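Features of the protein shown, as given by TrEMBL:
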type: TRANSMEM; residues: 40-63; note: transmembrane segment
type: TRANSMEM; residues: 84-112; note: transmembrane segment
type: TRANSMEM; residues: 124-146; note: transmembrane segment
type: TRANSMEM; residues: 158-178; note: transmembrane segment
type: TRANSMEM; residues: 223-243; note: transmembrane segment
type: TRANSMEM; residues: 263-286; note: transmembrane segment
type: TRANSMEM; residues: 298-320; note: transmembrane segment
type: TRANSMEM; residues: 340-362; note: transmembrane segment
type: TRANSMEM; residues: 374-393; note: transmembrane segment
type: TRANSMEM; residues: 399-421; note: transmembrane segment
type: TRANSMEM; residues: 433-454; note: transmembrane segment
type: TRANSMEM; residues: 466-488; note: transmembrane segment
Amino acid sequence: MSLKKTALWLGLLALVVKFSGFLRESIIAREFGASDYTDGYLLAFSFITLVIAMIAGGFNNVFLPLYVKNRKDAPEKTERNASAIMNVTVLLFIGVSILGWVLAPFFVPLIYGNMNPATEETAVAITRFFFLFMSAIALNGILDSYLQGRRIFVPSQISKLSATLMGAIFALLFSDQWGINSLAYGFIFGTVLGILIQLFFLLKKDWRWSPALKVEEDFRRAFIVLLIPSLLNSVVGQINMFVNKAFAANTVEGAVTYLNNASLITSIPHTIYGTTIAVIIFTLLSEQVDQPKKFQETFFMGMQISLLTLAPIAAGLFLVGQEAIAFIFQRGKFTADDTYNTYLALMFYLPIIVAQGLQYIVSKSMYARGKTNIVFRISVTTIALNVLLNWLFVGPFGYPGLALTSSFVSIYYLTVSTIFVYKDFEKKEATRLFGLIGRVVIVTAVMVIPLYFLKKFTPISDLYSLWQLLIIVPLGVLLYTSGLFLFYKEGFRQLLNLVKRKARA
């Protein structure tokens, strides 16, 4: 299979995984609503996401390049070293599993503070269960690295899909018997199934496991030197997530669930963007790093396309976010009040949609030019800012203030990173960027204002949520495209060219 076809399949599978996450959350909403029990489950699941981030973002970013590079020159020695690293890592996580299972009743309340009794009981119980299988979760991520090293990409996405779908299926089938625990049982069952799937494809490619524990000195030294900063960089976002959930757990019942569901909706545009448009931009930036003029043009094009595609999505969710939440979640035990409470959080999360898309371009441009240390230093400062703003906002705003904090932190991260990028650009480039922002604001207003009055002064708001979406979304696309054609023809042509390029690919 060619790389283009592989990229297409990966993009499609990434979207399937994301939407299967919506299926799972929709089933959770129907079966359990937004309650102390769902809050407890989500608090416990944070430890899973931490380990996944450490393996996928920290371990994989170091292991994969070393594995691929050394395998070309010394395949047998590299396979032994790789097996030893995998074995040591799994053994290490077995130790983590034992410690986590024993100490969870102490560190869960310590991290999350004064939770409701039902939330604390659920969080502790499910955290202990999850820690029993941390080595399996780590192994699942390591096998992904092996597959990527052999240019086998699809099984890892199938593995992720398995864990997500099994959680949903178990909740659907066994929630009456096992309650909220059914989600955890399903996730672990799906993870083990994912390991078997990845092993099957590896064994087909003549991969053989070795019981080695000793890593050759040069390989070990190179691995450890690179691993430490990579792990630190991978956990910054997770630390902010733990801080946010700790504050949320001390507000109202269901707050963690409201924030989780709202965040899930805002993550969809970024997922689609990251698996389609941004891939093209990053490839071009990497190729043009030694050509300053072309690099600047490509960077501006990335910022331009990011704003043109993500700004109307954020504005559209401002208009129909409540209807989207109702359509996805409002059934069973998830009430209209829960929908409204989720919408409150969504409103404060909306700036993240645009900020994350722009940040992708900014960060990747810095990575392409070898400025990884600057990215890391900026990201570390977000931890202190996140804690401070959460403390300031949670009192007057409640749990929606935590979403507001996330938006402020994203904008801060984007602003500081962009300043560093533009230091190396011609001065006129900053003027171009501000001009771009102004044009996009005008075009977005052309879409938002008529639709706002349509909702306010017509009976459309009385329709079922799906019918509202089917009417307003196409109208929004039509109005935005018309505004783009009338007020920003260059942007209109840029998007048109991008669509044609993707069609040819």
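All residue numbers here begin at 1 and follow the chain in the order shown.
Note: Cβ is positioned from N, Cα and C throughout, glycine not excepted.
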Contacting positions for the transmembrane segment (298-320) when only residues 6+ beyond its ends and CB under 8 Å are counted:
265-266, 269-270, 273, 277-278, 281, 284-285, 288, 346-347, 350-351, 353-354, 357-358, 360-361, 365, 421, 425, 429, 432-433, 436-437, 440-441, 443-444, 447-448, 451-452, 455, 468-469, 472-473, 476, 480, 484, 491, 494-495, 498
Going through 124-146, 158-178, 223-243, 399-421, 466-488 one by one, which has the most CB pairs that fall under 8 Å from the transmembrane segment (84-112)?
124-146
Other than its close neighbours in sequence, what residues sit by the transmembrane segment (374-393), given a CB gap under 8 Å and a spacing of at least six beyond its ends?
229, 232-233, 236-237, 239-240, 243-244, 247, 363, 366-367, 401-402, 404-406, 408-409, 412-413, 416-417, 420
Near the transmembrane segment (433-454), which same-chain residues lie under 8 Å Cβ to Cβ, leaving out any that are not at least 6 residues past its ends?
300, 303-304, 307-308, 311-312, 315-316, 318-319, 418, 422, 460, 472, 475-476, 479-480, 482-484, 486-488, 491
